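According to TrEMBL, the domain 'CARD' annotation covers 3-92. Annotated repeat 'WD' per TrEMBL: 657-698, 746-776, 886-927, 1010-1051, 1051-1095, 1096-1137, 1138-1179, in sequence order.
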Amino acid sequence: MALEERARSSLLRCRHRLEQDIKPSYLMDHMISDDVLTVEEEERIMNEPHRKDQAAALLELLLMKDNRAYISFYNALVKEAYDGLANLLHGDLPQTSPDKQNGSSDGFTSYGQTVLSEGGVPQRPVVFVSRPELVNRVREKLYRLQKEAGWVTVFGMAGSGKSVLAAEAVRHQGLIEDCFPGGIHWLSIGQLDKPDLLVKIQSLCFRLEQSLDSQSLHRPSSSLDEAKERLRFLMLRKYPRSLLILDDIWDSTVLKAFDIHCRILLTTRNRSLADSVSGAKHEVEVDRGLDENKGLEILALYTETKLQGLPEEARSIVKECKGSPLVVSLIGALLKDKPNRWRYYLSQLQKKQFKRIRKSSSYDYDALDQAMAASIEVLPDEHRELYKDLTVLEKDIKIPAKVLSVLWDLEPEEVEDILEGFVNKSLLFVDSHNKPCLYYLHDLQLDFLVEQNRTQLESLHSKVVQQYQQYYSDGPPTSGDEECLYWIRFLTHHMAKANLSQELYSLMFSLDWVSIKARIMGPAHLINDYVEYGPILDKENSEARSQFQEFLSLNGHQLEQRPFPDVVQLALSQPRTSDVYRQALLQAQGRASRGKIYFDWLNKESVEGLSRLVIHPHQGSIYSACFSHDGAKIASCGASKTLRVFKSTSGEKLTEIQAHDDEVLCCAFSPDDRLLATCSSDRKVKVWNVERAMLLRVFEEEHEEQVNHCQFTNTTRRLLLATCSNDKFMNAKLWNLNKPSSQNSMFGHCEPVNHCCFSPDDTYVSTSSNDGTLKVTAFELDTLSSANEWKTINVRDMFAESDEGEVLVKCSTWTADGKRIICAARNAALVFDVETSGMLLEIRTNRLSTVQYCHACPTSNLLAIAFSNYAVELWDLESNKKMADCSGHLSWVQRVQFSPDGSQLLSCSDDQTVRLWETKKVHTSSAVCLKRDSDVLFNEEEIVVSAADNCNRLQVREGRTGSVLFQSEEMSSRIRCTCMCRQPSAVVLGQEDGTVQVLEVPSGKLLATLLGHTKTVLHCKFTQNGQTLITSSEDTTIRVWRWQSGECKVLQGHKEQVRCFSMLSNSPTDTRLLSWSYDGTAKLWDSESGEKLRDIEAHRGAILSCHVSPDGCLFATTSADKTAKLWHCESWQCVGTLSGHQDCVRSCRFSWDSRCIATGDDNGEIRLWSVKDGSLLKICSREGKDAMDSLHGGWVTDLHFSPDNTLLVSTGGYVKWWDVEKGEALQTFYTSGTALKRIHVSADFSTFVTIDNMGILYILYGDG
């Protein structure tokens, strides 16, 4: 069959690239193995004089061959790590059906090899013997996954060949075609903590997404739960019939990250691991190692001897190796080099002179010890010492030769030669899928080295640190390659193991290190370091450790953004007493002298921290935390498998219990606070005496899957406990603590139940399930004679059918009166009437985050919502308004709960913290409640700010100190705008009912009440002499007031609201006023006479902003029609239309020399234009989107040039400063909230004032 035309074209198109890069000799070995190339053809190609000529000859030959040859060539590129070249050919792989491809003798074809190569399945070891009985047993179990998702567990002792067995089982054409046409994806796991597991899943998702179209590429998941959801989506939606192989799983908590209802094969030493996950389960035990014949076969292959020709010692050697493929391979490698030493190596094995100090499993290591000792003994002396250095490696970590080049102070090529020798002796393993190759030890080999060198561990780790410091004396590596990743990830580990405390302090209390590690690995690894090495760091300075950890907790979400933020700028927002701030200030001052700009938040001390208390009770994610009913205690639990009780006032630990054998998913106090219930992934429910930390009851027989939630009744009339689980049917139960079995099971849900909750009067139980429903069950509390489903609310019906994915109902909560019930699903909290089941209210949130939990305040109308984007929000259920954002968590927030009196709110998160918030403080605190419509006066050193607050009072503040100079009474109508006047000292407020008031500052005396506007007053401004006040309104008019006398001119003519206006010049004698409106027109007025001088229909859409050039010649208008226009001030002719924005043009500003104009749009893009000819000079923000929906985190709402026109400041979701000439961002200041409306700038461009949507005031001072 001839080569498909598409494939032929691809080869011709890429011919030049291929000829330049490939090494034919490497590729042809694979192609000969696939029977698509003959040895004669290889020799003919190799006769060409130069590599490039050989490459050209190979490609010429390929063009004459068939589809199989193209596929084999592609697979060879993949195997030899020519990933870029392979990607060029991938899209044109022939669509040859598998059954039509010729295969190798074992029935495996090039098509199948392509599937395995792309999925990262390891190749066969150099010396391979088949184990058909075990392989067929694994394949038989895999065939059971053909029609449904499930788990196949291959378990057995260490070194028994489980990984090779798993890889061999899927090397089968029929299995791939029948069961896994979506592909086979291999992931090596090992012993991992959560940050490392996150990196593993991120890399798997990236690999899966790369095979899809470019639009499928997704930003890296920032938390484990987010990564799990992304993997679930990819496996179920994009690769529905594929197999995921998890090699070497140690921990059930790791396994649960892959509990996503797909097809999984796992290898492990622990048979019971799969008990912690849901779905069908099958298992294959590797109950013994190699049988005698297979062991002999390995020895024969190593020594290149026929089985019959093996000496009599061979059988005894295999017996001493106890069936371990690893040990047989070690001896085989020795015999390959020394074929006359059969008797010697047998005697070495039989001596058993090496005895373990301790054993980490039941496996008998004696044979391995003898084999390892013998293998090391034959190494040259200098190589023996180098091999000892490998003792410091972590299990399951693969390293490039460059790391060892630093450690051994040798050239990389020399190191590779030494490592190749270790690999040939089976003392080391190599992963050749990567380029450069990565090297690693088997767990058992590392165990051996650690035992043998236990007394030297500290010095070995110390050598690593010293060699690193010598090689990287100028600073850490930042390249992001495998070598860099190793040092950034493990340098702190080596310092801690070497007991180099001072070096560890210097490193981890350094902002430079924080910046480098966060940029390369993300903040989760850093947080983990401060927790893991906390006991060491606290000996030096516990306060500094706490400050660095808190800084990362509060800014972790910013450190996930790309482009990566300036860590020094972020650190300048820390309290002035913090070591983090002090370091940042020193660095900022030094860099400012070299031209870098930084901004200090001058008034941050006046802004109280929102979270009252931050506690780190556990290592690992915290899944649940709850108040006691008296509010004095908090209990928490999570991935650490422990239950902890601490004081709610200080965080002081009261009790800590090792509660379960697996993750503890929920904890709950009894109504009298004497008892605590816990439930776990180990399928058990336990009840504890709080005061004595004593276990009272265990319910372990009835739930067959993990128990997700537990809750006691709210009153002591009759104490009951409700639980719910991942069981298929009887998944919600009621328990009487005095009886061994459940009192009642609540039927109805056919999918896992995530949450159960008693109504306030204990007459109902609500259950929330993955089946998309919320069920309410009624029962008789005294008798429990029945538990009947009262009603079902189909929450999934509240989402459009076009919405992708399942609707999982996460939880429910009752309002205090028991009349409403609220549930969380997807990105919404839905409020239902309990009696009618009708939806009363829907709180929809950011589409990029999911609602994890919600809780209704028992004493008010507040609802707390926990999100996957690290946020906690407070909403008022009566007004359907968001009242506060509680920011600070680093990762997904798993639970929120109000205290019984509603005064406090707690939240717990995957970031290992519990945070306490004062409800009134985040709800009404004057420190964080200013409205964004504001005015600012810069008086030399004084900065005066006027703005309304959440209580609808007008405040005038001294910006630097936050001191209130004046505060009005609470107004009956909402304040919508304000402005100030120096002489006389007065402030104006405009209200929604059209009223305008002028007040004296600071006395608050009412100077004037101006009535006339019939709708909201949107803008107000004094003229230069302070005698005239101009206002505009939703009523389409502008009014010019002689405010002291009440005389008024009304400027009428606009047909829609007038949001703003401007004097045409700064001259006190020029009375011309420019106005613009949503009606698309701009008008010129004589403010003295009220006469309309000019009127033009400037745009087809609403005019959103306008600015007059400083030289008074031009003015600019911007519009919702996506254009900006330049107009002549005298002729009112349009002199230029600026087109190119892809969204509404929201803002504009001329430079001070009137030669340049900046425009900003609703997609966050800023453009710089030449005023002279309207040409585009620069597009800012083009380097890529931030981690938000737009380039600037929101609409670009305001723009200002510096006096010398070299800098530009802009507001959107945050504040950015730009280099005008280059169009590059120079600095970013991230506010706590977002959606900034405007920024006030001092005349010298040194001080900047803005207010975010959380009401926080920022006075920023620039240095540089």
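Each residue, glycine too, has its Cβ placed from N, Cα and C.
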- Query: Restricting to the same chain and to residues at least six past its boundaries, which positions have a Cβ under 8 Å from a Cβ of the repeat 'WD' (746-776)?
  - Reply: 278, 705, 708-715, 717-718, 720, 722-734, 787, 789-796, 806-814, 816-818, 821, 823-825, 832, 834, 858
- Find the average pLDDT over the repeat 'WD' (1096-1137) in the predicted model and report it. 96
- How do the residues of the repeat 'WD' (1096-1137) split into helix, strand and coil according to DSSP? 0 helix, 24 strand, 18 coil
- Under the DSSP assignment, what numbers of helix, strand and coil residues are found in the repeat 'WD' (746-776)? 0 helix, 16 strand, 15 coil
- Residue counts for the repeat 'WD' (1138-1179) under DSSP, helix then strand then coil, are 0 helix, 23 strand, 19 coil
- Message: When secondary structure is assigned with DSSP, how many helix, strand and coil residues does the repeat 'WD' (657-698) contain?
- Response: 0 helix, 24 strand, 18 coil
